[in-house]
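This report concerns only the one structure given below.
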Amino acid sequence: KPSDPAMTGKTQTSNVTNKNDPKSINSRVFIGNLNTAIVKKGDIEAIFAKYGKIVGCSVHKGYAFVQYMSERHARAAVAGENARIIAGQPL
């Protein structure tokens, strides 16, 4: 059916990244010093998707959160992207 995200090539990630259960907290990545005037949700998802399945992504003024399926993916993302320069600013 055409509304299936797998058919349209669009991934559906939730905007919810604020669950407080320990598993969610440990698999969430805070991305600070983000130039949100330039960098959008789709950009963040594209950068961080290589570390694992993203189940949520929320973008705020100057920062964002990415919620992964597992803590292992979150740790890999932090290790891989910390201090990377995006839109002229180190994360």
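Each residue, glycine too, has its Cβ placed from N, Cα and C.
Caution: TrEMBL annotation is automatic and unverified by curators.
For the compositional bias 'Polar residues' (9-23), the residues of the chain that approach it from at least six positions outside its boundaries are 45, 49, 54-58, 65-67, 71, judged by C-beta separation under 8 angstroms. For 9-23, the entry in TrEMBL reads compositional bias 'Polar residues'.
Summarising the annotation, TrEMBL assigns domain 'RRM' to 27-91. Mean pLDDT for the domain 'RRM' (27-91) in the predicted structure: 96.
Per TrEMBL, region 'Disordered' is recorded for 1-23.
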